[in-house]
Amino acid sequence: MATKIFKHIQTSVVPLPIENIDTDQIIPARFLKATTRDGFGNNLFRDWRYDNEGNPKTDFVLNEPIYSGKILVAGKNFGCGSSREHAAWAIADYGFDAVVSSFFADIFKGNALNNGLLPVQVSEDFLAKLFAGVFADPNAVIEIDLVDQFIKIVATGETESFEVNPYKKACMTNGYDDIDYILSKKELIAEFEGR
Amino acid sequence: MGQTLFDKIWDAHVVSSNEGFPDILYIDTHFIHEVTSPQAFDGLRTRGLPVFRPKQTVATADHNVPTWDQHLPIKEELSRYQVDMLTKNCAEFGIELYGLGHPFQGIVHVIGPELGITRPGGTYVCGDSHTSTHGAFGAIAFGIGTSQVEQVMATQCLLQSRPKRMKIEVNGKLQNGVGAKDIILYIIAQISAAGGTGFAVEYAGDTIRGLSMEGRMTICNMSIEMGARCGLIAPDETTINYVKGREFAPKGEAWDEAVAYWQTLYSDEDADFDSILSFKAEDIEPMITYGTNPGMGIGVTQHVPETASFEQKEQGSYKKALDYMGLHDDEQLLGKPIDYVFIGSCTNSRIEDLRQVAEFVKGKHKADNVTVWVVPGSKQVQEQAIREGLDKIFDAAGFPLREPGCSACLGMNEDKIPAGKYCVSTSNRNFEGRQGPNSRTFLASPLTAAASAITGVVTDIREFLSESEFSELEN
Ligand code: SF4
């Protein structure tokens with residue numbers, strides 16, 4: 001089944017300089033009751049974004065109109081905790097195409113890649129530069145190129161390369177999906193079961 | 001060069017391995033529950049695919065279920081819908097469901113082992129990160145996302161890159177009142193909530209060997225809380241004795257064959273680990289967390305760290321956590337009044353946990369300021385507890401024994417900790433809002449939780465043990 005294709009983006013970013021953001025913050029459990037993949041963006045970072053009465057908290061970055069863009073930049077160990085893929089769905093549904101951090105939790109990284117949401121792992125130094133850049137100028141533009149595997153702060157030209165599993169890269173740049181790949185090897189599964 | 005336990009099991013399950021691609025790994029049993037499966041079933045429908053091996057798929061309802069009056073319809077509409085959806089999907093795709101009211105119903109990571117489905121040498125996945133629990137049997141078990149749930153449903157396989165291997169050894173004699181939960185909270189506090197990321201962790205050493213299966217499951221359960229892909233412990237007599245005779249355990253000749261294979265499952269002397277860590281059991285105090293991730297733990301007598309002790313760039317996140325918890329630098333948790341005690345979750349809701357708590361609370365009563373919930377991990381645990389009369393002991397102590405489910409572990413069902421309230425909890429996560437919006441969680445062992453329920457404040461279990469008959473309480 002075809003999935004979303006990702007090759008290259010150039011956009012402003014939304015900064016969230018908090019470490020260890022767990023998937024319970026990205027999407028709290030009480031919003032996991034939907035049985036489809038859509039609409040989770042409304043509850044992205046729900047308890048940081050809204051107060052108990054459902055009013056927007058004005059000091060949370062998603063409620064600050066000066067910040068926008070298709071890249072979320074966050075502190076280290078992003079996406080730890082629960083395996084809920086709803087976290088990746090919520091971030092993508094909200095309108096992000098990529099998340100940049102200095103460290104990602106394993107399961108989140110896999111879930112993001114399976115949903116056309118690119119996790120870009122950068123050095124602590126580069127992350128600090130990204131935060132400094134966007135806090136100095138909220139319109140600062142960042143370029144991410146999956147084909148050539150680099151991230152660039154456009155204003156200064158500072159660039160860093162990032163790692164991505166070659167298979168996953170091929171999936172994302174072509175819109176392939178894991179199930180199609182495994183199904184193409186179905187005779188090997190039958191053979192394995194016969195061993 | 002010898003092989004690690006992990007590699008032996010992995011290699012035995014590789015269907016296909018191609019340079020530049022993740023391995024295709026065969027999955028022996030796929031556990032599913034109501035929260036992370038509906039979109040996967042939808043995906044199968046869209047593709048026009050069946051569940052490839054429905055007999056190797058086991059379903060239960062646990063996250064959304066009430067733990068009181070379970071015979072009545074689920075009150076919350078969306079929860080009811082999600083549970084009904086699972087029933088419908090399982091019927092349509094031919095999957096056995098241990099749903100509400102079924103004698104095998106319970107938390108997915110409690111029922112797999114107790115039914116003898118989880119066995120040494122196997123591969124197990126579930127759309128739930130605490131699937132690492134099953135590794136206690138010397139198996140590869142890990143949590144997956146919903147796209148992968150669909151993948152396993154469609155193919156009984158999973159695309160996975162082989163993780164690195166870490167060995168964590170714990171040797172020595174535990175102090176009285178210190179158990180498996182304290183060991184794992186201690187390890188996570190030492191290496192941080194990200195310290196195991198990218199690794200399959202094998203736990204070893206004589207302290208680990210000395211643990212019961214329940215204790216080993218508690219340890220492996222929380223592997224994910226240090227970011228590890230999975231945790232596992234080599235099978236031994238304790239493992240084999242636990243599996244023997246269970247509902248779906250092999251019988252007769254098949255049993256003998258299985259045991260012979262299981263006895264080959266250990267890391268060779270010269271096996272190569274990417275990382276090895278060692279801890280001394282004597283150093284471990286009863287543990288408690290003070291912050292908003294499981295790595296933020298201290299010995300119960302210690303003080304909350306000072307903000308200034310962290311690197312500048314970490315101080316913001318640290319302050320945010322302390323503010324959320326309503327704590328300040330250098331505060332001591334010991335003696336702090338609490339509001340709730342939750343004994344349950346896939347970390348600590350097995351019969352041994354309940355027995356230990358019952359033995360401790362017998363003849364005592366909870367403090368007036370505390371509400372206590374004891375939630376068994378499964379219907380079988382609940383019934384066993386009742387057969388042993390534990391429910392009466394709990395009742396007399398003001399600890400009502402509820403019905404099985406995830407309960408207050410995750411704030412998704414009716415059992416939520418109210419905003420601003422403190423809960424000493426035997427579960428595995430203290431994230432902001434985890435037990436309900438703005439709830440505040442102190443993670444601890446069942447004994448620490450029980451002792452705190454009796455006194456109404458965060459308590460050092462060792463104080464009770466030195467002055468009473470419970471000197472031999474150990475996990
Ligand atoms: S008890 Fe808690 S951690 Fe365990 S499966 Fe249920 S919700 Fe997840």
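Backbone N, Cα and C atoms are what each Cβ position is placed from, and that goes for glycine too.
TrEMBL does not curate its annotations; it predicts them automatically.
A quick note: this is a predicted structure, and the numbers were derived from the prediction, not measured.
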Binding-site annotation, TrEMBL, [4Fe-4S] cluster: partner of B:Cys406, B:Cys409 in B:Cys346, B:Cys423: B:Cys346
Count of other CB atoms lying within 10 Å of the CB belonging to B:Cys346 ([4Fe-4S] cluster binding site): 28
CB within-chain contacts under 8 A for B:Cys409 ([4Fe-4S] cluster binding site), separation at least 6: B:Phe342, B:Gly344, B:Ser345, B:Cys346, B:Ser425, B:Ser427, B:Asn428, B:Arg429, B:Arg434, B:Gln435
Residues within 8 Å of the B:Cys346, B:Cys406, B:Cys409 Cβ centre (excluding the [4Fe-4S] cluster site residues themselves): B:Asp62, B:His63, B:Ile107, B:His130, B:Gly344, B:Ser345, B:Thr347, B:Ser349, B:Gly377, B:Gly405, B:Ser407, B:Leu410, B:Ser427, B:Asn428
Neighbour count (Cβ, 10 Å) for B:Cys406 ([4Fe-4S] cluster binding site): 32
Where B:Cys346 ([4Fe-4S] cluster binding site) sits in the secondary structure, as DSSP reduces it to three classes: coil
